[in-house]
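Engineer: Reproduced below are the annotations present in Swiss-Prot:
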type	residues	note
ACT_SITE	His178	active site, proton acceptor
BINDING	Val17, Asp38, Lys43, Gly82, Ala83, Val121, Ala122, Asn123, Ser146	NAD(+) binding site
BINDING	Gln85, Arg91, Asn123, Pro124, Val125, Asp126, Asp151, Thr152, Ser153, Arg154, Thr231	substrate binding site
BINDING	Arg156, His171	beta-D-fructose 1,6-bisphosphate binding site
MOD_RES	Tyr222	phosphotyrosine
Amino acid sequence: MKLRKGAKISIVGTGLVGASAAFAIMASGLASDLVLIDINKAKAEGEAMDLGDAAAFVKPLDVYAGSFEDCKDSDIIVFTAGANQKPGETRLDLVYKNVNILKESLPQLLKYCPYAIYLIVANPVDVLTHVALKISGLPSNQVFGSGTVLDTSRFRAELAEYCNVDPRNVHAYILGEHGDSEVAIWSTADVSGIPLKEFFQLRGIPPISREKVVKRVRNAAYEIIQLKGATYYAIAFTIKRICETVLRDENSILTVSGIVNDLYGIQDCCLSLPTIVNGAGREQVLPITLEREEEVALKNSAQILRDVIKQAGL
């Protein structure tokens, strides 16, 4: 699994998320070309200059502010452009603002980058991924969202802390909407192949409070926004991780958001499920077995997203 030679990544939107993602990508050495695009050209230029000053400390990289035309031949387009989520505002409240931004930008990107992988990050990510697929007409492997990859990381971190183990040894998923209706999948959660209940018994750990864990995971972004105004570091690492598995053709299983049909009774809706991600993008969804309550909750999450899409006339 080798890195594509001369990989090019373009980031549309250089707010806190886009700029932090640029930093994470640059530090990782994933790309040889990194293009920053923003409606505020001065902001993009400033971010590019600031990052460029660190050129002596990373692998050779050409980072610069540009236009949509400069995205030509990009391997990945990372779309973070959108209004910020304000305190007390849900991700779904952003739909009207950010759908319009996407509609204005995507046709111009497609003109120069018809073969790129499009990673949608701006919120509400599931709705915007749905819109991007409809507008672009591109195949579903080529357009997908960051989904619940970060939520899954939060879930695993919570379980790891409780179990006092390395988070990388915890396997558990958050599925559905990246937002308030997301679903924690407890039935398949394990620590290095040992089901949680058995692991608790082996280690003499009392049963975990599922409600408290789910609440912390679901409300993490709201709490951070309340404390510091925005979330951007963890999502930056999320973006870097997704780009990494694409550029290195890793066949990693990530809970990215993409179109779902004929699974769990869900039709024509973008949400997150365990998915093989590689050089082709979102290659294959893995339909894991869920308990009845989990499947019902997942269907409910899908219905909430469909209702938003319908209300917005999308």
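Including glycine, each Cβ sits where the backbone N, Cα and C put it.
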Engineer: Whole-number Å only: compute the distance from the Cα of Ser146 (NAD(+) binding site) to the Cα of Tyr222 (phosphotyrosine).
Structural biologist: 18
Engineer: When you rank Ser153, His171, His178 by Cα distance to Ala122 (NAD(+) binding site), which of the recorded positions ends up on top as the closest?
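Structural biologist: For Ala122 (NAD(+) binding site), the spatially nearest of the recorded positions is His178.
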Engineer: Near Asn123 (substrate binding site), meaning Cα within 10 Å, which of Val17, Lys43, Arg156, Tyr222 (recorded positions)?
Structural biologist: none
Engineer: Round to the nearest Å and give the CA-to-CA distance linking Ala83 (NAD(+) binding site) with Thr231 (substrate binding site).
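Structural biologist: Given the Cα positions, Ala83 (NAD(+) binding site) is 13 Å from Thr231 (substrate binding site).
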Engineer: I'd like the Cβ neighbour count for Val17 (NAD(+) binding site), meaning other Cβ atoms within 10 Å of its Cβ, all protein chains included.
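Structural biologist: Total other Cβ atoms inside 10 Å, all chains included: 27.
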Engineer: What's the most sparsely packed of the recorded positions Arg156, His178, counting other C-beta atoms within 10 A?
Structural biologist: Arg156
Engineer: Can you see whether DSSP assigns His171 (beta-D-fructose 1,6-bisphosphate binding site) to helix, strand or coil?
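Structural biologist: SS state of His171 (beta-D-fructose 1,6-bisphosphate binding site) = strand.
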Engineer: Out of the binding-site residues Val125, Asp151, Ser153, His171, give me the one sitting nearest to Tyr222 (phosphotyrosine) by CA distance.
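Structural biologist: Sorting the binding-site residues by distance from Tyr222 (phosphotyrosine), the top entry is Asp151.
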Engineer: Sequence order is fine: just name those recorded positions in Val17, Lys43, His171, His178 with a Cα within 10 angstroms of Asp151 (substrate binding site).
Structural biologist: His178
